[in-house]
Amino acid sequence: MYLVTSEQMRYFDHYTIKTLKVPGIVLMDHAGKAVAEAVVKRRAKRVVVACGKGNNGGDGWIAARWLQHGGCSVHVVTVVDPGNLEGDAKLAFDMAGAANVSWNIYQPGDLGGSSIELLVDALLGTGCTRPLAGVYEQIVDEMNHSGVPILAIDVPTGIDASTGEVKGSAIRASETIAMAYEKLGTAVTPGAIYSGHTHVVDIGIKAPLPEGMASYVDPSELRQKWGSRDALSHKGTFGRCGIFVGHMQGAAILAAAGAARTGAGLVVLGTRGSISLAVLPDYVVRQAESPVSALEDCQSIVVGPGLGTDLEPLVGTASVDEMFSSKRGVVDADGLKLLRASNGLRRLNDGWVLTPHPKECANLLGWTTEQVQRQRLTAAMQLAERTGAIVLLKGYRTIIATPAGEIRVNPTGNASLAVGGSGDVLAGVIGSLIAQGLNGFDAASLGAWIHGRAGELAGAALTPISTTASDIVDYISRAIVTFFDGIGARN
Ligand SMILES: NC(=O)C1=CN([C@@H]2O[C@H](COP(=O)(O)OP(=O)(O)OC[C@H]3O[C@@H](n4cnc5c(N)ncnc54)[C@H](OP(=O)(O)O)[C@@H]3O)[C@@H](O)[C@H]2O)[C@H](O)CC1
Ligand SMILES: [K+]
């Protein structure tokens with residue numbers, strides 16, 4: 001499912017209106033009617049619609065007209081004098097006025113009626129360009145504190161529809177009705193947290209799609225690229241995934257388990273010393289003075305899980321430089337420290353996937369963790385651009401960014417994944433997919449999806465409270481079954 005920016009949405013609207021000759025008020029009528037239908041589905045009988053100055057407000061006036069038409073008790077509170085409305089929004093107000101929809105100009109402390117069952121946020125949509133202030137801030141705060149559920153039209157007011165940033169007050173909606181496409185800013189956090197459930201409605205917008213649109217990670221797209229295993233295949237067909245084993249061996253073994261369950265032909269553990277933990281006979285263990293040379297024949301390398309202080313001897317060595325320039329793989333956890341170079345950040349190629357959590361991302365960018373969490377999309381895009389690698393920024397609605405600015409957002413996963421070792425499993429899963437031949441962007445996207453679904457399934461069976469990283473590994477197979485739409489992996 002595509003996720004669009006405000007700018008792309010303006011292009012879609014413009015193309016539909018100018019080239020396809022569909023008047024803007026027709027689109028607005030579809031939008032307002034879809035909102036009214038969503039209100040009716042919620043069985044809300046006493047509804048207040050809060051309208052702003054632009055076309056988002058226009059959608060609100062139209063929704064109010066349809067609600068009145070359907071016999072609902074509806075009232076509009078507007079933050080602007082309707083006499084100052086322009087274009088389609090003015091037309092929408094005229095239609096609502098002719099249908100005798102009641103309204104008043106917002107006065108602080110008066111949301112326009114008692115015993116309201118639902119508030120509709122039609123204050124600002126994709127046109128919101130600055131932090132809320134004045135009357136917009138007042139009404140938004142009042143709506144949020146009213147205790148009444150809020151349905152947002154297109155985008156909750158105060159969210160940047162393109163980036164998900166919230167620079168001040170913003171509507172906390174329980175549901176958002178998105179016009180034509182979900183906006184990128186309601187798919188990623190923090191915007192996603194303010195949007196509640198988002199439903200997309202078709203309002204008749206159509207236009208040729210621009211290249212490289214952002215999307216949710218989509219199994220139907222990735223199914224064509226991964227999973228097929230014909231009868232003549234052998235272990236060499238599915239690649240060797242090498243994993244550095246450092247001081248904290250458990251982390252590397254979890255990564256190995258993730259890699260094996262996701263289908264690498266061979267998982268190789270490269271270590272300088274011996275491995276003291278029990279290792280399943282499924283993996284090959286190789287000892288060498290330089291772990292890089294132990295993994296020389298691997299198609300992908302996972303650097304980081306459990307590396308700890310074993311990293312120091314690796315920093316700046318020729319074998320590590322050689323590995324980054326000639327190999328592909330995953331850099332996670334302590335391995336990310338290898339990316340710091342005297343003149344900034346090391347340049348990699350896009351066969352490498354970096355999997356930082358927000359604090360690691362902040363350390364690499366020289367930002368604070370809070371800044372990364374406020375601007376997750378920008379942070380992921382900047383790190384990808386500066387390193388030349390694919391970046392997977394962990395957290396709810398994990399973001400995967402390419403150096404060229406392509407974005408995917410992972411819809412799977414829940415709190416079951418918030419457990420030590422979960423990130424190590426993810427690194428192994430992605431390393432395995434790279435070893436099997438997927439490019440870094442697809443491997444990171446599919447890896448995030450499978451890992452997230454495995455966490456959901458493990459959490460459903462075992463409760464998120466008691467799910468461990470090993471449980472996530474155990475549920476990878478079932479996640480892969482659901483990836484193939486419940487029909488089982490292809491043979
Ligand atoms: N034909 C169409 O375009 C359709 C659009 N739909 C709906 O319309 C909105 C987008 O409408 P738009 O008018 O572009 O934008 P908004 O309604 O979100 O904002 C209107 C103006 O508000 C001002 N603004 C921006 N930020 C703030 C702020 N923080 N505080 C106060 N005011 C703000 C700004 O104007 P200025 O002149 O003040 O800069 C905006 O232009 C879209 O989301 C859909 O809901 C329909 O779906 C149908 C087709
Ligand atoms: K809105």
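Yeah, the Cβs are placed from backbone N, Cα and C, and that goes for glycine too.
Remember, it's a predicted structure, so these values are computed and weren't measured experimentally.
The AMP site recorded in TrEMBL includes K394, G395, Y396, R397, T398, and the single candidate from G366, G421, G423, G428 that the record places there is G423. Among the candidates T16, T19, T157, the one that TrEMBL lists alongside N56, D121 as binding K(+) is T157. The predicted model assigns the domain 'YjeF C-terminal' (218-483) a mean pLDDT of 92. Secondary structure at D121 (K(+) binding site), taken from DSSP and collapsed to helix, strand or coil, is strand.
Largest Cα-Cα distance over the residues recorded as binding AMP, namely K394, G395, Y396, R397, T398, G423, equals 15 Å. Not one of the binding-site residues K394, R397, T398, G423 has a CB under 6 Å from ligand 2. Over all protein chains present, the Cβ of T157 (K(+) binding site) has 28 other Cβ atoms lying within 10 Å.
Other than N56, D121, T157, the residues of this chain whose Cβ falls within 8 Å of the Cβ centroid of the K(+) site are, in sequence order, A50, G52, G57, G60, A122, L123, L124, G125, C128, A152, I153, D154, V155, P156, I171.
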